[in-house]
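Going by Swiss-Prot, these are the annotated features:
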type: ACT_SITE; residues: 162; note: active site
type: ACT_SITE; residues: 204; note: active site, nucleophile
type: DISULFID; residues: 237-251; note: disulfide bond
type: DISULFID; residues: 414-444; note: disulfide bond
type: DISULFID; residues: 426-461; note: disulfide bond
type: CARBOHYD; residues: 135; note: N-linked glycosylation site
type: CARBOHYD; residues: 321; note: N-linked glycosylation site
type: SIGNAL; residues: 1-20; note: signal peptide
């Protein structure tokens with residue numbers, strides 16, 4: 001009898017595929033098509049990280065909250081989902097819908113029900129790496145939840161934030177450096193506590209986090225929003241099409257992030273593979289290819305991408321229509337915003353909409369001027385340091401890009417020491433200034449020592465600006 005029912009289910013599926021119709025199969029057929037992975041003793045784990053703070057970075061926490069709702073609806077247990085977010089957005093005075101976070105113009109609230117595992121200053125590098133390793137004793141604060149996985153388990157890590165060559169932002173100092181992250185992933189593999197691990201990364205220059213650093217053979221498959229040399233993009237921003245509701249003055253999401261999340265919501269994760277999603281997300285994130293867009297990349301064990309998404313994200317029974325899809329039905333935006341300019345978009349729209357003569361307009365004007373002044377200070381300081389160190393060759397040395405497949409820098413300790421030397425004299429690099437991490441890495445690759453950097457930074461920066469963006473109150477970024 002079972003064989004007959006199974007054959008009938010298969011027959012109906014093939015008829016639907018040929019005719020183009022969508023057939024909702026009965027639960028017994030669903031069981032027939034369910035991958036064998038669901039029948040083993042494996043457990044799904046997830047780590048979701050929003051690595052920023054500030055209302056102008058609304059989109060990162062919106063991405064992560066939306067990802068949580070997707071996994072929860074997919075049946076991933078709450079106790080197995082670890083969430084890192086500063087949690088300063090939902091109840092922020094700038095939020096036009098207090099207590100609510102949306103990730104798309106017509107989206108539902110994605111904030112309600114999201115666990116507050118690690119918030120505020122608990123969102124830091126040490127806690128994140130301890131969570132991935134399952135090391136409860138190394139935690140400081142938070143819920144104490146870690147990835148306590150076993151050898152048959154599957155892990156999904158999603159990180160949304162600002163980035164720069166070789167570095168990922170954190171709302172607390174220091175930032176997360178590529179070598180430290182990859183070292184922890186290697187330790188996790190050596191511990192024998194997972195069967196496969198998938199890492200989705202949203203950040204500028206995110207390809208540099210894994211390029212030349214993540215080897216094959218660790219059963220890790222990673223995709224990134226951009227290659228090692230380009231920005232990633234915010235989306236659903238004011239002035240775009242589609243645009244957020246009129247009361248919002250900030251971007252609601254990030255292009256790569258909403259691409260994979262919205263794809264997951266519209267397709268059957270029991271049949272869609274990691275590779276199929278990669279191709280769809282790559283197409284949507286590429287945008288126009290001229291005015292905007294980035295190159296989604298993949299690293300590690302590419303063969304792992306043949307696995308079904310259900311293995312890592314679960315599946316929502318409402319989406320189990322078993323329709324194979326090779327076209328992304330979601331319309332790409334007409335225009336998007338460079339990740340590094342999203343804060344300026346917020347400040348500018350805040351200024352434009354504020355009543356003339358109001359305290360809000362004065363505040364917004366100050367925020368725009370402070371942000372622009374900080375950018376000029378960092379850009380000019382790095383350029384001048386390059387000239388002081390390398391003379392007329394400074395610009396060429398600072399902007400040199402290593403061949404594909406090579407890591408950003410040979411000596412990561414050197415990179416961190418030069419970052420600290422710069423910040424001691426010139427102030428914080430900030431979420432904007434980490435775009436210059438390649439320039440500092442190239443100083444190391446050219447043999448520059450910390451003493452030389454100190455001397456050059458002292459000449460380039462007689463004083464540290466008083467701007468909040470330059471403040472070192474939170475400590476050094478390395």
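Cβ atoms here come from the backbone N, Cα and C positions, even for glycine.
What Swiss-Prot annotates, mapped onto the structure for a quick look.
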{"residue": "135", "record": "N-linked glycosylation site", "DSSP class": "coil"}
{"residue": "162", "record": "active site", "DSSP class": "coil"}
{"residue": "204", "record": "active site, nucleophile", "DSSP class": "coil"}
{"residue": "237", "record": "disulfide bond", "DSSP class": "coil"}
{"residue": "251", "record": "disulfide bond", "DSSP class": "coil"}
{"residue": "414", "record": "disulfide bond", "DSSP class": "helix"}
{"residue": "426", "record": "disulfide bond", "DSSP class": "helix"}
{"residue": "444", "record": "disulfide bond", "DSSP class": "helix"}
{"residue": "461", "record": "disulfide bond", "DSSP class": "coil"}
Only counting partners 6 or more residues apart, tell me which same-chain residues put their Cβ under 8 Å from the Cβ of residue 444 (disulfide bond). 409, 410, 411, 414, 415, 418
Filter the recorded positions 135, 162, 204, 426, 461 down to the ones within 10 angstroms of residue 237 (disulfide bond), Cα to Cα, kept in sequence order. none
Which residue, out of the recorded positions 204, 237, 251, 414, 426, shows the minimum number of other Cβ atoms inside 10 Å of its Cβ in this structure? 414
Nearest to residue 251 (disulfide bond) in three-dimensional space, by Cα, is which of the recorded positions 162, 204, 461? 162
Note down the number of other Cβ atoms within 10 Å of the Cβ of residue 461 (disulfide bond), including every protein chain shown. 22
At the Cα level, what's the spacing in Å between residue 461 (disulfide bond) and the residue listed as 'active site', rounded? 25
Compare the Cα of residue 204 (active site, nucleophile) against each of the recorded positions 135, 162, 426 and report the nearest. 162
